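These notes are about the structure you will find just below.
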Amino acid sequence: MSNIYIQEPPTNGKVLLKTTAGDIDIELWSKEAPKACRNFIQLCLEAYYDNTIFHRVVPGFIVQGGDPTGTGSGGESIYGAPFKDEFHSRLRFNRRGLVAMANAGSHDNGSQFFFTLGRADELNNKHTIFGKVTGDTVYNMLRLSEVDIDDEERPHNPHKIKSCEVLFNPFDDIIPREIKRPKKEKPEEEVKKLKPKGTKNFSLLSFGEEAEEEEEEVNRVSQSMKGKSKSSHDLLKDDPHLSSVPVVESEKGDAAGDLDDGGEGESAEHDEYIDGDEKNLMRERIAKKLKKDTSANVKSTGEGEVEKKSVNRSEELRKEARQLKRELLAAKQKKVENAAKPAEKRSEEEEATPDGAVAEYRREKQKYEALRKQQSKKGTSREDQTLALLNQFKSKLTQAIAETPENDIPETEVEDDEGWMSHVLQFEDKSRKVKDASMQDSDTFEIYDPRNPVNKRRREESKKLMREKKERR
């Protein structure tokens, strides 16, 4: 791979494509393909490729884009016509990450370009290579091909170029053109005029008269309240749950305060003027307060009944809990009484049992339980006790071996607890009865040393014999 990079000529120019798959750095061969590089850089400066999609994806082969129409048949060069191919002997389709011009034939280059996803020797001398993808951005380029495609090699959710940035421009004389892009036409749904509202035919309904009256009332209220904020006070005038007292004090009260400050004569006239209105308002307030008090009393009585029911329920639950506690305590007491029975009664019951095996089992069990209780559970005392048992076993073993001499060991197997201590382990002798007379020992090996003088004399004698035989012949 390093050999390939050495063969390629140095680059002169750099462009950054910002795509939905990530940024892609492209270095350009502006000396080897000047027309293609100038075309590509100027289109990037003119934002020609912005928001264009990669309309063709062939997995393992190429990813093609650069068509503003997104169909694969659009796009034009900066020269106003297709420009010629530019081939170079050191630029080959021998790896991934190369950028080349797409065309429909020879000398038919426009604005479309493609990235190679692998080796493509069949494209040599057919498409102009003008750049390469550099750095880790090659992995973003490979992500462009990770889409689902249809039978015509078109992706279902294509990636697109968000914007282009020219990092190094080798052509100082490029002047971007002002391209007038056609405005996008509005969709047909927005162009369509709104349909006129249909009239309601209430005669078709069984309750048509009532519905028609309600509709007229709603229309009348909506027309009267048009352009104003509406609340429940505006629509529900006869609702007893709504208060007639305004949240914000009326301006009359403020005016009354101002008149009081003005003088006594004016205040007296004002009091006489508003006396009748205030009385009416007070009467209405008192009547409504009485209604609220009665409704509050009804609610309080209902809440009191609910509280009584909840109290009764809680008392019942407490009683049940107390009863359960008593039952648990009684069960515990019975267990303690059963465990505290005298040992004499248990021994009498055991003696009364006719089965001797069961009685023996119980005696053994009691014996080992007593021994277990005597043992300490943990600590240094438990360790000392274990070492004492080990020493006791060792002394018992040595005593059994010393008491039984080798000649007095019986051949029969001993099944008692101490018989195995004096037993001697003996293996069967599998030696051969007939031995080779020439072999001193079966475990010895013959070692031949050529430096041994005996072996030297033997070799000389054998050589003499061989010479004599040859002379006789």
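Easy rule for this one: first residue shown is 1, then count along the chain.
Cβ from N, Cα, C; glycine included.
Now, the feature entries from Swiss-Prot:
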DOMAIN    11-166  domain 'PPIase cyclophilin-type'
REGION    177-386  region 'Disordered'
COMPBIAS  177-193  compositional bias 'Basic and acidic residues'
COILED    206-230  coiled coil
COMPBIAS  231-241  compositional bias 'Basic and acidic residues'
COMPBIAS  257-266  compositional bias 'Acidic residues'
COMPBIAS  267-287  compositional bias 'Basic and acidic residues'
COMPBIAS  305-348  compositional bias 'Basic and acidic residues'
COILED    305-378  coiled coil
MOD_RES   Ser347  phosphoserine
COMPBIAS  360-372  compositional bias 'Basic and acidic residues'
REGION    399-473  region 'Disordered'
COMPBIAS  405-419  compositional bias 'Acidic residues'
COMPBIAS  426-438  compositional bias 'Basic and acidic residues'
COMPBIAS  458-473  compositional bias 'Basic and acidic residues'
What is the number of residues in the compositional bias 'Basic and acidic residues' (360-372) that are helix, strand and coil, as DSSP sees it?
13 helix, 0 strand, 0 coil
Please compute the mean pLDDT of the model over the domain 'PPIase cyclophilin-type' (11-166).
94
What are the DSSP helix/strand/coil residue counts across the compositional bias 'Basic and acidic residues' (458-473)?
15 helix, 0 strand, 1 coil
